[in-house]
Amino acid sequence: MKKQILSLVLLSFFVATSYAQLRQNFYQTSCPNVESIVRSAVTKKFQQTFVTAPGTLRLFFHDCFVRGCDASVFLSNPNAERDHHDDLSLAGDGFDTVIKAKAAVDNNPSCRNKVSCADILALATRDVVALTGGPSYKVELGRRDGRISTKKSVQHKLPHPEFTLDQLNTMFASHGLSQTDMIALSGAHTLGFSHCGQFSKRIYTKSGIDRTLNTKYALQLRQMCPVNVDPRIAINMDPTTPRTFDNVYYQNLQQGKGLFISDQILYTDNRSRPTVNLFASNNNAFNQAFVAAMTKLGRVGVLTGNQGEIRRDCSRVN
């Protein structure tokens, strides 16, 4: 028992020490224009395709929840994270956004091979949130890129569409994130899309339609996802304002329009409903909570100092 406690204390110390080395002005002397360079590349990509926004945002979440925010999701090998079935739906435009931003940074002689892919992903995520109407916020920097990426490491590390509140809270708590953080981060579902196969069991149950789902909305989903349709057909996560980062996601939950069980449970469970109601009625409260949660998420499992590397190519270790 004493050994277990000591292990937990040492782990907590290691984690705290790692993210304590992150700071907003990390590249002030080595690459002072890194934020404007990344923002310019991300904006250009966003103007080409809207999927840049939800794709990048989701990529950041998937990266941080598996091995920490170390850009390991970018690595290509015969047994990589990105090949796990939970990551196969990650949009190629998310990867391309970071690759283009990395190229733009390295095209600056003073910045070449000085900025990690992990930091570029964190900056790009902030930028796509702002580009879609969400808050802009300061990003802590100084992450190093990881050298390991395995398919096995993804198993049981990402939330699934049918998760209960307890399952969500347990998974997020394992990364130091509270229930309020989890509800705020779920608001990222205000952007982007899912696929018919991810929620078909809600609209085609033995008894008809999931009782927690708005009937009119469920019938619309049935029209878009008829029986035996290609399960990869894309459906907006937010049926009201799918291209705007706002608090309408929470208003949708109040109306029974959460696409996943794990979305709607945030409203149907009495323990989380008050936070949903707050965010639904107060966009500023949601934005503030989202920024706080994203800052905490960006500290998860980070590598700093000599713990990792600065990859020259985001898809390969040096």
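Glycine too: its Cβ is placed from the backbone N, Cα and C atoms.
Per TrEMBL, the features are as follows:
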DOMAIN    21-318  domain 'Plant heme peroxidase family profile'
DISULFID  C31-C111  disulfide bond
BINDING   D63, V66, G68, D70, S72, E81  Ca(2+) 1 binding site
DISULFID  C64-C69  disulfide bond
DISULFID  C117-C314  disulfide bond
BINDING   P159  substrate binding site
BINDING   H189  heme b binding site
BINDING   T190, D238, T241, D246  Ca(2+) 2 binding site
DISULFID  C196-C225  disulfide bond
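Known features from TrEMBL, placed on the structure.
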residue	record	Cβ neighbours (10 Å)
C69	disulfide bond	29
S72	Ca(2+) 1 binding site	28
E81	Ca(2+) 1 binding site	27
P159	substrate binding site	18
H189	heme b binding site	24
C196	disulfide bond	18
C225	disulfide bond	21
D238	Ca(2+) 2 binding site	24
T241	Ca(2+) 2 binding site	18
D246	Ca(2+) 2 binding site	19
Exercise. Looking at the recorded positions C196, D246, C314, which has the shortest Cα distance to E81 (Ca(2+) 1 binding site)?
Worked result: C314
Seminar exercise, completed: Counting only residues outside D63, V66, G68, D70, S72, E81 in the same chain, those with C-beta within 8 angstroms of the Ca(2+) 1 site's C-beta centroid are H62, C64, F65, R67, C69, A71, V73, G146, S149, S153, G301
Exercise. How far is it from S72 (Ca(2+) 1 binding site) to C117 (disulfide bond), counting Cα to Cα, in Å?
Worked result: 9
For this session: Out of G68, C225, C314, point to the one nearest C111 (disulfide bond) in space (Cα versus Cα); all of them are recorded positions in the record.
Result: C314
Problem set entry | Integer Cα-Cα distance in angstrom, D246 (Ca(2+) 2 binding site) to H189 (heme b binding site) | 10
For this session: Specify the count of other C-beta atoms within 10 Å of the C-beta of C117 (disulfide bond).
Result: 30
Seminar exercise, completed: Rounded Cα distance, in Å, between C196 (disulfide bond) and C31 (disulfide bond) is 44
Exercise. CA-CA, which of the recorded positions C31, C64, C225, T241 lies nearest D70 (Ca(2+) 1 binding site)?
Worked result: C64
Problem set entry | Between D63 (Ca(2+) 1 binding site) and C31 (disulfide bond), the C-alpha gap once rounded to whole angstrom | 24
Seminar exercise, completed: Surrounding the recorded Ca(2+) 2 site, with Cβ no more than 8 Å from the Cβ centroid of T190, D238, T241, D246 and those residues left out, we find L191, T240, P242, R243, T244, F245, N247, V248, Y249, N252
